[in-house]
Amino acid sequence: MSTLTPQPVLLGRSGLVFLGVVLGAAVLVPLLNLATSPDSALHVPTYVVSLLGKYLTYALLALSVDLIWGYVGILSLGHGAFFALGGYAMGMYLMRQIGPRGVYGDPVLPDFMVFLNWKELPWFWHGFDLFPFAALMVLLAPGILALVFGWFAFRSRVTGVYLSIITQAMTFALLLAFFRNDMGFGGNNGLTDFKDILGFNIQADGTRLVLFVLSALALALGYVLCRFLVRSHFGKVLIAIRDAETRVRFTGYRAENYKLVAFVVSAMLAGIAGALYVPQVGIINPGEFSPANSIEIIVWVAVGGRGTLIGAALGAVLVNYAKTYFTSGLLAPYWLFMLGGLFVAVTLFLPKGIVGTFYEWRDRRASATPADGGLPEPKPAE
Amino acid sequence: MSAADTLEPESAPVEAIARKDLTEALLYLDGVTVTFDGFRALNALSFTVDPGEMRAIIGPNGAGKTTMMDCITGKTRPDKGDVFFNGGTTDLTKLDETQIATLGIGRKFQKPTVFESHTVLDNLRLALKGQRGALANIFKRETAAEREKIDAIFETIKLSEHRHRMGGDLSHGQKQWLEIGMLLAQDPKLLLVDEPVAGMTDAETAQTAELLREINANGHSVVVVEHDMTFVRDLGVRVMCLHEGAVLAEGTLDQVSANERVIEVYLGR
Ligand SMILES: Nc1ncnc2c1ncn2[C@@H]1O[C@H](COP(=O)(O)OP(=O)(O)OP(=O)(O)O)[C@@H](O)[C@H]1O
Ligand SMILES: [Mg+2]
């Protein structure tokens, strides 16, 4: 019997380790890039820095999914859409920064608009030449979509697999829309050929290092925010909704409002991830809306450990490292099979994911109360 | 249930309640009818509960006891009939579960439902009357007054030494008590308690009767559904027997258990 009061700490030991690793990478990776000679075994080439930066944005995306899937039980199969919207908002800013340096040399219109014979900038492209406006849109575009979508879905009490299906439909609808040239987002080709960001050359090594560091900081802050949320009274209600939504309603909470707040925060985090992703990979196109992308995020979270936050981030990095590794070799055609196989294997043999399993093992060893999160074993109700 | 039962003409087994009761009753049901796919789970059910009263409800399986609670708490909308709260001032059929809970009607489910992956302490914290807004609760801090209230509830439900265990790890009986504790934390005017002693030992059953009497003595109105006759006797309150969605008999336990129809449909077998 344990009557020890669990420490009401924000981060816990694993949280501190996680932050240490992320912030440590933010210092060490640029250092190894700058301070070592290219021949040194320790040297980290700039393309690797950008690759790692991309993984970090995926980690933030996975974190956003874990917030709603792990803690509220909302299995969103459309979170790629929020990521892509954040990415497009950033992409539009980067397009406007090209100015007259485009192939057609138009001072205002991006190349694809000139190509389509458009005479003036569509109304929704105005303001994107200003970074603060674009940054606001990175949050608002996914946030407002999540607000509207969630308002209808949660109010009508759509849950479970139906909710998953309509999130998938949402991202698919956006995929089709963004493919169209007349939508004004560059159609099939998307937005690319970026030149600079805030006046810095986007290809320059220094810019790439800074983007990497910003991605690490965003992940660290995103983690602290999510951790704060799930440990607050608000977060306890979220977990209660996940486990017994009816009970929550009969206790006087508006479950739909709680879900909505979590969903909007999650969408905004995904949007920030997308905005950091685009300058590092140099392109955003409608493919980011593809339903398969959103499903992949679920695999990352499941592998790392749903409902642990750290696990989601870890899973994103590990699975994407594997993806980079395998899709560049002989096994490339089989990557999707491997991914599917991985998901099945994790579901069967490691249902709590890597971090969840670790927590379970640690708690069993300590045989104390789990003070650090992780999904406790769901007890079958008689 | 045979098809013939469901086709019986609508009859009001209890005399329509005089209108004056409406303004005096805490809870007022009149002619409440609920149909599931043609099957009448509640058949023009009418009764009232006075402020401060404790009422026991008995009746065979499928009599409609749980459905009655569903109608009061907004889970099920009646096809017909009135459900009023607070002396007729509030029409419960127009409100949803959350609004009804906020008005001061708490409910313990037939199958004990606690938050399994929260500690016992957090279960009570979540139930405690207070701020329910999503944004405000992001920054909520527990006050000393709240901590005291929770400690008092722990005294009452005797789960103090389990406060840091997970809700899901409790025994069946402990979950029942925790759920009653959560009801107390909500501090409702009216408690609807569905089969609170199912799965309890005799000693626990007696303690639960004691606990409910105490809760009632502290000014809460209580409606208890239970099959356990010893328990109902321990409560020592007015008893109502439901059958086929309507009130079959009402009175003291002795009166009700002497009723021939009650013996026939419920006690006799
Ligand atoms: N959602 C539903 N859909 C269809 N039928 C239902 C539904 N809910 C209840 N019923 C039926 O209505 C009848 C009354 O059910 P109810 O649960 O109210 O009985 P009860 O008096 O609580 O019985 P018990 O003592 O077994 O708990 C039962 O025949 C039940 O099968
Ligand atoms: Mg019942």
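Each Cβ is built from the backbone N, Cα and C atoms, and glycine gets one as well.
Pulled from TrEMBL, these are the features on record:
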TRANSMEM  A:12-32  transmembrane segment
TRANSMEM  A:44-62  transmembrane segment
TRANSMEM  A:68-90  transmembrane segment
TRANSMEM  A:130-154  transmembrane segment
TRANSMEM  A:161-179  transmembrane segment
TRANSMEM  A:209-230  transmembrane segment
TRANSMEM  A:257-277  transmembrane segment
TRANSMEM  A:297-319  transmembrane segment
TRANSMEM  A:331-350  transmembrane segment
Winner by Cβ pairs under 8 Å against the transmembrane segment (A:161-179), considering only A:12-32, A:44-62, A:68-90, A:297-319, A:331-350: A:68-90
Two-stretch contact, the transmembrane segment (A:209-230) and the transmembrane segment (A:331-350), at least three Cβ pairs under 8 Å: no
Paired segments the transmembrane segment (A:257-277) and the transmembrane segment (A:12-32) in contact, 3+ CB pairs under 8 A: no
Cβ pairs under 8 Å between the transmembrane segment (A:130-154) and the transmembrane segment (A:297-319), at least three: no
Surrounding residues of the transmembrane segment (A:12-32) on its own chain - C-beta under 8 Å, 6+ positions past either end: 42-44, 49, 52, 56, 209, 212-213, 216-217, 219-220, 223-224, 227, 310, 313, 355, 359, 371-373
